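Participant: Pulled these features from TrEMBL for this protein:
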- 203-225: transmembrane segment (TRANSMEM)
- 237-256: transmembrane segment (TRANSMEM)
- 289-309: transmembrane segment (TRANSMEM)
- 321-337: transmembrane segment (TRANSMEM)
- 343-362: transmembrane segment (TRANSMEM)
- 369-386: transmembrane segment (TRANSMEM)
């Protein structure tokens with residue numbers, strides 16, 4: 001016993017002094033080394049993998065979603081650089097040129113290098129969006145890694161890449177897509193409790209850019225910025241950051257938009273005036289107040305809905321502001337009559353954070369859960385990207401061959417719901433093209449009916465009154481097959497060659513197979 005007591009006291013020293021254990025030399029026990037290995041694998045390799053993933057994502061999305069991905073971006077950019085005819089002018093007063101200017105820069109460089117082929121004009125803007133999406137994905141992972149365990153960060157990253165709706169949208173040239181990217185980047189610098197990467201200037205600049213691109217981004221950031229004001233020095237934050245950044249970004253936007261309009265204009269004020277006060281968006285359809293709850297969120301989140309709800313219960317209190325932002329955004333958009341899936345896309349990365357907590361908590365069921373998520377997201381991602389609503393792009397590839405025809409000069413008329421297809425950005429030659437226009441009722445005329453609606457009310461009467469003689473007919477017509485019987489009766493004695501293009505397995509209303517008819 002004395003011998004044991006002597007060993008414990010180490011030569012008579014007080015027993016209260018802790019015994020020093022031998023430090024193991026193995027690198028397996030070195031926390032710094034394990035962190036370095038983790039950061040090395042999920043650092044540069046993560047970035048390169050994410051870039052490669054989003055590039056593959058880009059090339060596997062060959063369908064159309066909504067007209068705005070062309071008519072509020074590529075078509076405006078194409079006219080800015082190449083000056084081809086362009087009919088859709090009303091959005092100029094409520095949309096900033098700053099977002100199309102990004103693609104106009106790409107087009108200008110291609111033009112100067114004499115590389116402005118149709119393929120590059122179509123794909124390079126989307127590839128640029130792919131790189132921005134990859135950056136946002138990586139930043140989301142880095143944010144959660146700095147706040148939580150690496151396991152939660154990895155599952156959040158997995159959910160972000162796994163999301164079918166993110167796959168479907170993130171490489172499209174939509175203002176909503178740019179808003180989502182800027183929102184995710186801003187969140188990575190936002191001062192969440194415990195965040196080590198926060199920067200007031202960086203996140204507020206990104207928020208200002210998001211609002212510049214799409215003023216409705218203010219809906220998402222109102223609760224976040226308000227929460228920041230409650231936690232920080234309000235006067236210092238306002239004077240040193242919010243006011244200078246807001247004034248500079250708004251000033252740059254006003255100058256650029258005024259230059260392109262040829263008059264002084266504040267586009268953001270017009271946007272609020274027409275969409276909030278005059279409710280112009282309702283012109284393009286309205287939905288019941290509960291649409292986002294019963295359909296919108298269900299479709300956008302898809303199979304991850306259950307993991308999101310589970311994660312809301314598990315996430316620490318510091319993420320409560322993100323949950324409040326999600327609920328606030330859905331609530332405000334529910335008050336507006338016109339609703340679309342893409343409007344709530346910018347808060348989808350917020351939802352992936354909660355999904356990450358849910359997956360990280362699963363131990364026994366993690367493999368079945370991951371397998372189910374992969375399969376249930378992969379199928380809609382591939383179907384909507386490669387099959388559903390691809391006809392409007394395929395028909396433009398077919399029409400592009402008309403650029404080589406000079407005698408007679410082609411004359412194409414799109415008798416479809418307006419803006420169903422892209423325009424000169426996907427043709428890139430000055431052939432004559434027309435479509436049924438549908439500018440909104442900005443003057444408040446109660447009896448207003450746009451040209452497209454007049455056509456579909458009585459197609460035969462519209463055709464007879466518009467094309468009074470055979471010589472006035474265009475050389476090529478593009479329309480959905482729902483009008484085939486109308487054309488059969490109207491062009492009874494005219495030989496036609498039809499090119500049928502698949503569009504969707506789920507035709508509805510005025511949409512179906514696309515027919516390209518050459519009048520002979």
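Cβ atoms are placed via backbone N, Cα and C, with glycine included.
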Participant: Is it true that the transmembrane segment (343-362) and the transmembrane segment (289-309) have 3 or more Cβ pairs under 8 Å, skipping pairs fewer than 6 apart in sequence?
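Facilitator: Counting Cβ pairs under 8 Å, at least 3, so yes.
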Participant: List, by number or range, the same-chain residues at least 6 past the transmembrane segment (203-225) whose CB is under 8 A from its CB atoms?
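Facilitator: That would be 96, 98-99, 175-176, 178-179, 182-183, 185-191, 241-242, 245-246, 249-250, 253, 268, 271-272, 321, 324-325, 328-329, 332-333, 343, 346-347.
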Participant: How about long-range neighbours of the transmembrane segment (369-386): same chain, 6 or more residues beyond its ends, C-beta under 8 Å?
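Facilitator: Beyond its ends, the transmembrane segment (369-386) has Cβ neighbours at 60-63, 158-159, 162-164, 167-168, 302-304, 307, 359, 362.
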